[in-house]
Ligand SMILES: Nc1ncnc2c1ncn2[C@@H]1O[C@H](COP(=O)(O)OP(=O)(O)OP(=O)(O)O)[C@@H](O)[C@H]1O
Ligand SMILES: [Mg+2]
C-alpha cells in the first residue's frame with residue numbers, strides 16, 4: 001500500500017532501476033506515465049512528437065492522463081496491497097512543461113486532483129551522459145535535447161530541495177541505484193509498521 005514514484009530526466013535509468021526493483025521487493029506493481037489509456041496513447045503518438053502541441057496542451061493532456069491513470073490503475077492496486085512503482089508523475093509535468101515555459105503554479109493546479117506519492121525519488125545524472133545513453137535507442141523525442149534537459153534537471157533539483165525528495169546519483173551502476181531505492185522504500189515501510 002505504498003505509492004512510489006521514480007523521476008529523472010530521459011536516460012537517467014528509471015525503467016532500468018524499476019525493473020531491478022521489482023526483483024528486490026515483494027508484491028510490486030509497476031506502471032508508468034504516459035499511461036496505456038487512450039489519453040496516454042494520444043500523448044505518445046501526437047504530443048511527444050517534435051513541434052506539435054503548445055506546452056500548455058501538453059500539460060493538460062498529461063494531467064488528464066494522470067487522473068485517469070490514478071483512478072483506474074494506481075488506486076485499485078494500492079487498495080489490493082501492492083507497492084505501486086510509477087515511472088514519472090506530477091514532478092515530470094512540473095519539470096518538463098515548466099522547462100517548456102508553462103507557469104509552475106498552473107501545472108500544480110491542474111494536477112491537484114491526484115494525491116501525492118508516499119515516496120518520490122529523483123534519479124540524477126548529467127544530461128550529457130543521459131543523452132549518450134538514449135541515443136543508442138534511436139531517434140530522439142522532442143524533449144531529448146541537451147539544453148532542454150539541463151533546464152529540466154535544474155527544476156527537478158530545485159523541487160527536490162523544496163520538497164525534501166531524495167536525489168540519487170544515477171551515474172553509478174543501475175544495480176547500486178536500485179538497491180538504494182529499495183532501502184528507502186523498506187525504511188518507509190518499516191517506519192509505517194511501527195507507528196500503526
Ligand atoms: N546506471 C546506468 N548505467 C549505464 N547505463 C544505464 C544505466 N541505467 C540505464 N542505462 C541505460 O541507459 C538507457 C536508458 O535507460 P532507461 O530506459 O532505464 O532510462 P529512463 O530514465 O527510463 O528513460 P526515459 O525517460 O526515456 O524512459 C538504456 O539503454 C539503459 O540500458
Ligand atoms: Mg523509461
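The backbone N, Cα and C atoms fix where each Cβ goes, and this holds for glycine too.
Note that this is a predicted model, so its numbers are computed, not measured.
Copied from TrEMBL, the annotated features are:
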- 8, 9, 10, 11, 12, 13, 14, 15: ATP binding site (BINDING)
- 6-180: domain 'Thymidylate kinase-like' (DOMAIN)
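Comparing local CB density within 10 A for the binding-site residues 8, 11, 13, the maximum falls on 8. Sequence-ordered, the extra residues of this chain that approach the ATP site, with Cβ no more than 8 Å from the Cβ center of 8, 9, 10, 11, 12, 13, 14, 15, are 123, 125, 130, 133, 170. Per-site Cβ counts within 10 Å over the binding-site residues 12, 15 peak at 12.
DSSP assigns residue 8 (ATP binding site) to a strand segment in the three-state reduction. For ligand 1, the nearby binding-site residues are 11, 15; that is, of 9, 11, 15, these have a C-beta under 6 Å from one of its atoms.
Among the binding-site residues 8, 9, 10, 11, 13, no residue is identified whose Cβ is positioned under 6 Å from ligand 2. Close to residue 14 (ATP binding site) in the fold, though at least 6 residues off in sequence, lie 6, 7, 8, 87, 88, 123, each with a CB less than 8 Å from its CB.
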